[in-house]
Each structure stands twice: as C-alpha cells, then as structure tokens.
Amino acid sequence: MATPVKLQFAAPKRGMPPVHMADLDEETLKERVQELGLPKFRADQIRRQYYGRLQGDPMEMTDLPESKRAAVKEALFPELMQPMRNMDADDGETRKTLWRLHDGTMLESVLMRYPGRATLCISSQAGCGMACPFCATGQGGLDRNLSVGEMVEQARAAASTMQEEGGRLSNIVFMGMGEPLANYKRVVETIRKVSAPAPDGFGISQRNITVSTVGLAPAIRKLADEEMKVRLAVSLHTPDDELRDELVPVNNRWSVEEVLDAARYYADTSGRRVSIEYALIRDMNDQPWRADLLGKKLRGALGTKVHVNLIPLNPTPGSKWDASPKDRQDEFVRRVEAQGVPCTVRDTKGQEIAAACGQLAAEER
C-alpha cells in the first residue's frame, strides 16, 4: 500500500502583503482617500486610472494633484510584485514572467496570444499543496496564498502588455501555480474584480474566465452557488479511484464519483459545460479501457455538459513519466468520443520555456 501523501489545504502562517488599492472595495477606497486629505471623488479617478487605463503608478496619474501623488502611492500602491525575468516562446506568442513578491516569494504567470484572443494563465498561490506527482508546482509544496491585489496585479500587468501591443487581454485561466479553490474567498473576489466593467474592473467577461481544480468537491458546489458564469475545469487525469489516488492525492478525500457529482451540480447551476482536464501519461493512464471508462463515466455523470481536454504530458525535471505516443493519443480521443463525449487535444504552448501545464515551478535560474 502506498504511503499517504500529505496535502496542504491551509497555507502556512505567513504575513500577507501590504494592502493594495486592488484589495479594497469602492467605499473603503473612498475612506482611505479621505484619510489622505483628498475628497471622495479622487477615489473614482484612481479607479478609472487603474482599471480603465491600466495605470499602476499614481505618479503617472495626471488627474491627481501632483502634491498628493506620492502619498497616494505610499498608502495605496505598495509594490506587490517585481518582474525578475521574462521568457518568450512560440515565436513570441507565449511569455512566462517570473515575479518576486514583497516577501521574496516567487511565482510565475503566462501570457499566451492566439489569433483573435489573448489568455493569461494566472497563479492563485505561491506553490501548491495538492502534491500531484507529475506536476512541478505540486512537488514544490505550498508557500502561501496570494492576496486579491497580487492576483489582480498579474491581470493588470498582462492587460497593460496587450494594450501596448494594440490588443486586449480577453481571457483568464486560473491554471497557474496553486489550487484556486484552496484560496477560495480571494479567488472569487478576484474574479468579480477582473470581470466587472470599468471603473470597477477590467471588463473581462466571466464566460472567458476558467477556474481549474483538482477536485475539491464541496468548494465546487460552493462556487456554483456564487452564480457566476465562469467555466469550471476539473483535473481528473484518470476515471478510476485506484490510479487517481496516486496521480491526484486529493482523491483520497473526494472520490471520482463525488467530484463528478459536484461537477454536474456546477453545470446544472451555472449552465456552463464543464471541462475535464486529462494529462495523458505513457503506460500510466492512456490504456484503451481507461478511455472507454472515462467516456462512460462522464456521459453518465454529466450527459452533454462536458468536454474532455486531453493534455500530452509536459516534461518536468526528474520526472519518471513522459507523454503518450501520438497513435495512442489519437486512439484515446476516438474511444472517448465513441461514448458521445467531445474530446480534443490541447494546443500546448510554452513547453520549451517550462511554461506549459504542470511545469510552473518559479525557479530563479
């Protein structure tokens, strides 16, 4: 019997970052602005600059009194994250950014450009406590949860980059470092902020936001009750409990059946189709019978409200596993679709710079 893997649902007790303007609601921001000796309406100007014009430096907010900009910066705009390194791949279409946070913690985010859209893969935690053995992030353990401000700042930085290029950040996927539903409250607040229209947010449609989870079943149901329109992606990786206990250790807490029941509740409540993420690993979870079982289970649990996203395993340092050969991958797709479940192979970006799914490790190399 395998040795139980220790999971980290609660982040270690570490100091959270200083409060940033993006952490505050409208009324609290007005109070803070008044404490600086400014009238309330200046709070609206700050919000329009930050969310509407993507300006993160009060010293450049020309509609604020010049004599007050330094005070606004000190009180409301602490430097939460500093870019340490950018790495580009896919002929410049993919950029991975390594960030150093205020306490020295490191994290990564990935901006991916596609024809007609730009997607940010955002981190919700520094590290991850779910301990999936094929994922570089999970093997590094959990440092701490990210604040709302730290997540919103990842989005603002990416949106600003796209604006400079004459484009627009259109999609956000919570598929970076961390288990989003283990940082539940802050992730939900971040979603509401980035999806609100300016000057309350960046105006990114909730339908263009995806939240990925390894399967925290109660949190999936709770997310459904938030009545948001974000897409749910469940990292399933195998349809049977025996193997999933090993590949996704949280399965020892919530079984495949419990996770799929929660996913069905989410689909019924939100009206959104659920995405099932499946990293295809050679001789581990790519057998024809597993493809058949996956299709049958998903069809039974979710009916037509499901889509399988097959991910060729991305290499990580020291891993004993590798991706399935293409002929086996194609056969897997065929068998899943034979059960009436749509199945596509993900267009993996950023593999050469360790920016693809499961590769983020925030190492300062």
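Placed from the backbone N, Cα and C atoms, the Cβ positions cover glycine too.
Feature list (source: Swiss-Prot):
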ACT_SITE  Glu108  active site, proton acceptor
ACT_SITE  Cys357  active site, S-methylcysteine intermediate
BINDING   Cys128, Cys132, Cys135  [4Fe-4S] cluster binding site
BINDING   Gly178, Glu179, Ser212, Ser235, Leu236, His237, Asn314  S-adenosyl-L-methionine binding site
DISULFID  Cys121-Cys357  disulfide bond
DOMAIN    114-352  domain 'Radical SAM core'
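Taking the features listed in Swiss-Prot, we show where each one sits on the structure.
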residue : record                               : DSSP (3 states)
Cys128  : [4Fe-4S] cluster binding site        : coil
Cys135  : [4Fe-4S] cluster binding site        : coil
Gly178  : S-adenosyl-L-methionine binding site : coil
Ser212  : S-adenosyl-L-methionine binding site : strand
Ser235  : S-adenosyl-L-methionine binding site : strand
Asn314  : S-adenosyl-L-methionine binding site : coil
Students should find that the Cβ of Cys132 ([4Fe-4S] cluster binding site) has, within 10 Å, a number of other Cβ atoms equal to 22
Using C-alpha positions only, work out which of the recorded positions Glu108, Cys121, Cys128, Cys132, Cys135 is nearest to Leu236 (S-adenosyl-L-methionine binding site). Cys132
Report the member of Glu108, Glu179 (the recorded positions) whose C-beta atom has the most other C-beta atoms within 10 angstroms. Glu179
Relative to the Cα of the residue listed as 'active site, proton acceptor', which of the recorded positions Cys121, Cys128, Cys132, Cys135, Ser212, Ser235 have a Cα no more than 10 Å away? Cys121
If you compare CA-to-CA distances from Glu179 (S-adenosyl-L-methionine binding site) to each of the recorded positions Cys121, Cys128, Cys132, Cys135, which comes out shortest? Cys128
What subset of the recorded positions Cys121, Cys128, Cys132, Cys135 lies within 10 angstroms of Gly178 (S-adenosyl-L-methionine binding site) at the C-alpha level? Cys128
If you draw a 10 Å sphere on the Cβ of Cys128 ([4Fe-4S] cluster binding site), how many other Cβ atoms land inside? 27
What span in Å does the S-adenosyl-L-methionine site cover, taken as the longest CA to CA distance among Gly178, Glu179, Ser212, Ser235, Leu236, His237, Asn314? 19
Nearest recorded site to Asn314 (S-adenosyl-L-methionine binding site) by CA-CA distance, among recorded positions Cys121, Cys128, Cys132: Cys132
